[in-house]
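*Asks:* This is the structure, below, for whatever I ask next.
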Amino acid sequence: KYMEEAVVALAFALLIFPMSSPVSALSSRYYDQTCPDLESTVTSAVKKAMINDKTVPAALLRMHFHDCFIRGCDGSVLLESKGKNKAEKVGPPNISLHAFYVIENAKKAVEELCPGVVSCADILALAARDAVALSGGPTWHVPKGRKDGRISKASETKQLPAPTFNISQLQQSFSQRGLSLTDLVALSGGHTLGFSHCSSFQNRIHNFNSTLDVDPTLNPSFATSLRSVCPMHNKVRNAGATMDSSTTLFDNVYYKLLMQGKSLFSSDEALLSNPKTKALVSNFASSQEEFERAFVKSMIKMSSIPGSGQEIRLDCK
């Protein structure tokens, strides 16, 4: 009878406290004993790269996002194509990803300190946090303990949310990964850093629909300036525009410009088409503090999306 009661009690306990998922297995103190100098080593690699290239923070933040949205946060975006397999990094949305060398350099330095201990996926998560902090944004304790995956398919990059998405497509894409509308608006604030090529917003400035050439939600003078940089038959390979006016600074200017009709993507403008997301945009535009608090919460949530990784890769390619 005692055994029966114990089994019932255990079953009840499991109902209330289910066995830990891969997400809860992550811990900000994961490497405290095995690689105590990990974080300062990664920070130093990011800092060094930023001295020579101001676009590194935006690149690392975007790389982490693109990693987590395909197969979870398992470092699969870092892998090179092998044989007939085309890897994620050559998929259409990822062709413009860059600064992979920063993760490789950080991994090399970490391997010298503590060989075979730290995953590439964890190094990428730390580098993304440093990218934000070193650009004047907030910092946070990154949960660690991710394992690296070996599967990387270019064909799966079509699952990434596109800059042309409307609010329902965005909501679906985020909710499939356990992320809410609040997470969607907060993480979109990552657009405060970086640059976009013409191809990602040309749908708004040329042949918008059968009757209008330009998206009417765009500020007219802003639309004119975009059309001069990105003409209909643009021949300039790297033509485009910065995501906001303070593109190397992590701030809330993105939301302020969004409310003035000066956002680049349809997916940015879409945040104003839903009462809840519009209210959040307004809130973040008026308070940098509110934005930073929400961004940190959502970044921790996104970077904890369970990956399919099984091992620690000795290099990140």
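Here the Cβ of each residue, glycine as well, is placed from N, Cα and C on the backbone.
Predicted, not measured: the structure shown is a model, and the values here were computed from it.
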*Asks:* Cys114 forms a disulfide with which residue in TrEMBL, given the options Cys35, Cys68, Cys198?
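*Replies:* Candidates were Cys35, Cys68, Cys198; TrEMBL matches Cys114 with Cys35.
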*Asks:* Can you look up which of Cys68, Cys73, Cys120 is joined to Cys316 by a disulfide in TrEMBL?
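*Replies:* Between Cys316 and one of Cys68, Cys73, Cys120, TrEMBL records a disulfide, namely with Cys120.
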*Asks:* Spatially, which candidate from the recorded positions Arg62, His66, Thr192, Asp244, Thr247 is nearest to Asp74 (Ca(2+) 1 binding site), comparing Cα atoms?
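*Replies:* Comparing Cα positions, the closest of these recorded positions turns out to be His66.
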*Asks:* Just to verify a number: CA distance, Asp67 (Ca(2+) 1 binding site) to Thr247 (Ca(2+) 2 binding site), in angstrom, no decimals.
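*Replies:* Cα to Cα, Asp67 (Ca(2+) 1 binding site) and Thr247 (Ca(2+) 2 binding site) are separated by 22 Å.
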*Asks:* For the binding-site residues listed here (Asp74, Asp244), which one has the lowest count of neighbouring CB atoms within 10 Å of its own CB?
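*Replies:* Comparing Cβ neighbour counts within 10 Å for the binding-site residues Asp74, Asp244 gives Asp244.
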*Asks:* Which of the recorded positions Arg62, His66, Gly72, Ser76, Glu88 has its Cα closest in space to the Cα of Thr192 (Ca(2+) 2 binding site)?
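*Replies:* When the Cα distances are compared, Arg62 comes out closest.
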